[in-house]
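Working notes, structure below.
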Amino acid sequence: MKKITLLKAFIYIALTVLVIICFVPFYMMIVNATRSNSEILQGFTLIPGSAILDNYQTLISYMDVWRGFTNSLIVAVSVTVLNAYFSALTAFALVVYEFKWKNIIFVSFLVMMMVPGQLGLLGLYDLSEALGMLDSYWPLIIPAIAAPFTVFFFRQYLITTMHTSILEAGRIDGATELHMFHRIVLPLLMPAIATMGIFTFIGSWNNYITPLVILRSPELFTLPVMMGALRGSPVAMNLGAMYLGIAISVVPIMIAFLFLSRYIISSITAGAIKG
Amino acid sequence: MEKTNRRAYLFIAPFVIVFLVFNIYPILLTFYYSLTNYSGMGGIANAEFVGFGNYIRLVTDSYFFEAFGNTLKIWGFNFVVQMMIALGLALLFSDIRLKLKGVGLFRALFYLPNIITIASVALLFNILLDWNHGALNQMLLSLGIIDSPINWLNSPVYAQSAVALIGAWMWFGNSFIILLAGISGISRDYYEAAYIDGASWWQSFTNITLPQLKPILLYVLITSIIGGLQLFDLPMLLTDTRGAPQGSLNTMVLYLYNQAFKYNNFGYGATLAYGLFIITVIFSAVTFRTMYRKEVK
């Protein structure tokens with residue numbers, strides 16, 4: 001028994017060390033965000049400095065990170081909402097109705113789920129150019145309407161949770177089909193929407209290559225693109241400002257994670273065990 | 001199931017239209033580009049049709065094979081490290097004799113780097129690993145571990161290892177959570193029966209845990225391969241965006257991006273996209289088959 005206790009103590013220490021190693025890069029980022037450039041050049045310390053406001057002034061005079069933050073938010077929220085609504089609508093139609101090509105549509109989903117995103121990237125770029133949508137958010141947002149994986153996930157969810165008798169009752173009461181979708185099916189799907197929504201949001205928030213290709217104007221840049229632009233900008237001359245810029249792109253997401261971690265983690269296991 | 005309903009077409013119309021226009025059409029268009037010498041500017045009408053010329057170039061392009069090799073090396077190293085940590089943690093936390101507490105907290109802490117923007121992480125390590133002023137060298141120097149700063153990002157081996165290890169650091173939490181869920185799903189009866197029969201820890205691990213975990217391991221392996229072959233943000237922003245040092249961070253997608261958008265070789269970039277796609281399909285299929293053939297035996 002004593003051996004086990006000793007072993008456990010050792011394991012907890014090892015785990016704590018691993019956690020510390022995991023967070024050192026973030027901690028260094030936050031400490032250096034508060035130190036001046038010359039302080040950073042002199043050497044490293046674990047104690048925060050007092051130059052955060054100066055760093056902020058330097059950063060903000062070259063690059064509007066909050067603008068990037070807002071831009072990322074606009075894109076990610078639009079993508080998440082469109083993805084959830086239209087995937088639910090499509091899954092609803094696939095589950096409830098019989099129609100021609102239903103199986104073809106379903107099989108094409110399964111195939112498309114395996115195709116990497118880069119395959120159509122060059123085509124998407126030229127299509128956006130032809131439609132006059134280059135340097136706008138449309139090419140980033142509109143494709144969210146057709147998300148095969150989300151439809152697939154919602155379809156499986158609806159098959160197991162929705163009884164068609166609810167819809168029959170609704171029809172007898174004279175509700176329209178779309179009305180029933182809004183009032184019955186969407187609320188029923190909410191847990192599945194939350195699960196997929198979190199991942200869709202994170203995916204869109206972190207997406208780098210598509211906005212990098214599509215966006216040209218700095219005032220439209222999303223955060224990842226702005227981070228890429230930061231390295232070649234005058235901000236790179238001031239390491240403190242650089243660290244602060246990175247911190248601004250990272251810390252709010254960490255805070256959001258604190259509140260959502262439970263949902264996020266149960267979603268990962270749900271996806272994997274089913275997959 | 002209902003009878004055919006016209007509304008069904010109305011409901012799936014947005015999906016189908018967007019799917020065809022923004023998904024299928026760009027993929028077909030990309031294929032068409034791959035058969036031309038399109039530069040990406042001035043419209044496709046000015047490009048010449050070159051048949052499979054770009055594909056012939058692809059199979060003889062040493063840069064492409066180098067990029068393929070770099071991607072594989074980085075992915076392989078990353079996967080081994082990531083899985084060792086993840087599997088080790090999953091075994092610790094699922095051990096019935098240890099009964100460790102705080103699973104929820106550790107899962108959350110280890111998962112956190114997964115949701116951070118990779119572009120930010122790449123930029124962060126770009127300055128943390130800096131030769132002169134990076135925190136890592138400063139730390140190692142002040143601890144007396146090294147005498148002179150190491151130029152991490154100027155050495156191909158260190159740079160590739162850095163990408164692999166940063167990736168492992170970011171993603172081991174995800175694998176850990178999935179593996180832990182998989183191990184927890186294995187019936188306790190097997191282990192108890194093995195224990196009664198006097199099986200060692202290693203015997204239960206190789207005869208119960210691993211075989212039972214096969215579908216989950218397959219899932220982790222395939223998603224990791226697909227993600228790994230598409231490695232882009234990290235190698236691009238960690239160094240000079242062109243795969244320095246000495247092209248060692250030039251991954252397949254980075255090569256594709258630079259060919260299409262920096263060197264105005266849209267046609268060849270499109271061919272690279274299809275090359276990457278074919279490689280992904282082959283890798284996934286081979287993984288799938290070898291994992292399941294063993295199970296039949």
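Each residue, glycine too, has its Cβ placed from N, Cα and C.
Because TrEMBL annotations are produced automatically, they should be read as predictions rather than curated entries.
Copied from TrEMBL, the annotated features are:
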TRANSMEM  A:9-30  transmembrane segment
DOMAIN    A:69-260  domain 'ABC transmembrane type-1'
TRANSMEM  A:73-97  transmembrane segment
TRANSMEM  A:104-125  transmembrane segment
TRANSMEM  A:137-159  transmembrane segment
TRANSMEM  A:180-202  transmembrane segment
TRANSMEM  A:242-265  transmembrane segment
At a C-beta cut-off of under 8 Å, are there same-chain residues at least 6 beyond the transmembrane segment (A:242-265) that contact it? List them, or none.
26, 29-30, 32-33, 40, 52, 55-56, 59, 63, 65-66, 68-69, 194-195, 198, 205, 223-224, 226-227, 230, 235-236
Intrachain residues whose Cβ lies under 8 Å of the transmembrane segment (A:180-202), provided they are six or more past its termini:
76-77, 79-80, 83-84, 87-89, 91-92, 144, 147, 150, 153-154, 157-158, 161-162, 166-167, 170-171, 260, 263-264, 267, 270-271
Of the listed stretches A:9-30, A:73-97, A:137-159, which one has the most C-beta pairs under 8 A with the transmembrane segment (A:104-125)?
A:137-159
